[in-house]
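What follows is a short report on a single structure.
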Amino acid sequence: MTIRYPNGKRYNQASQPHKTPIKKHTYSNRGMSLEEELNETNEYYLTHNIACVHKKPTPLQIVKVDYPARSAAVVKEAYFKQPSTTDYNGVYKGKYIDFEAKETKNKTSFPLQNFHLHQIEHMKQVIAHNGIAFVIIKFTLFDELYLLDAKHIIAFWNRQNTGGRKSITKEEIVEHGSLLSCGYHPRIDYIRVLDTVYFS
C-alpha cells in the first residue's frame, strides 16, 4: 500500500540504520554462588519441614536515593548500621544453629582474614549459650565444601593471634571438618552432617 501526502507526493519512510543488539557478557549460567546454593537448600528444608534456617539481612542505613522513574528507586549511598555477625541462623531439632558461609579460590589453605573479630566473638557467644555454630567453606577450584565446627575456627583464630599461621590448611579442614555432599534437592545437604556431628 502506498501512502501519499495531501499534495500527492509519495511518503518515503526514512531508512533507519539497522541496530545490532549489543551482547552483554553474563556469567549467570556459570554456576550458582555458595550463597545462592545455601538459600535454595534452606528453602528446600523449610518447604519439607526439615529445618527453619534463613539468611540474615544486612543492616544498612540508606543515605541517598535517586528516583530515575516514578516506579524505580536507586540507592546511591548507604552505610552499614553495625557490623554483621554471621550469614545464616535458624532452628533444627529444637537447637539454635548459626553459621557463616565462605568461599576461597586458594588450593591449599583458607585465609583467616576472611573472618572479622566480631564474627569470632559472635560464634563464641552462640557456643556459650549451647547453640550450634559452624562455618561452611567452599574450595571453588575443587568444588569441595566442608562444614567446620566454630570451636576449630576459634582455635585457629587464637593460634593466629599468638604468632601462628594466618590461614587454615586444607589438610586441617579435611581433618577437623566434614565433607558436604552436593545434589539436586537439597543442593548442599548440611543437615545430614549436622545429624552426624551434633545429634548422634
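From the backbone N, Cα and C atoms, a Cβ is placed for every residue, glycine too.
Features reported for this protein in Swiss-Prot:
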BINDING   Thr85, Asp87, Glu100, Gln119  Mg(2+) binding site
REGION    1-25  region 'Disordered'
SITE      Lys102  site 'Transition state stabilizer'
Binding-site residues listed as Thr85, Gln119, least Cβ neighbours within 10 Å: Thr85
Secondary structure of Asp87 (Mg(2+) binding site) (DSSP, helix/strand/coil): coil
Candidate with the highest Cβ count within 10 Å, taken from the binding-site residues Asp87, Glu100: Glu100
Lys102 (site 'Transition state stabilizer'), number of other Cβ atoms within 10 Å: 16
Assigned conformation of Lys102 (site 'Transition state stabilizer') - DSSP reduced to three states: strand
Integer Å distance between the CA atoms belonging to Lys102 (site 'Transition state stabilizer') and Gln119 (Mg(2+) binding site): 12
Distance [Cα-Cα, Å, rounded] between Lys102 (site 'Transition state stabilizer') and Asp87 (Mg(2+) binding site): 9
Conformational class of Gln119 (Mg(2+) binding site) under the three-state DSSP mapping: helix
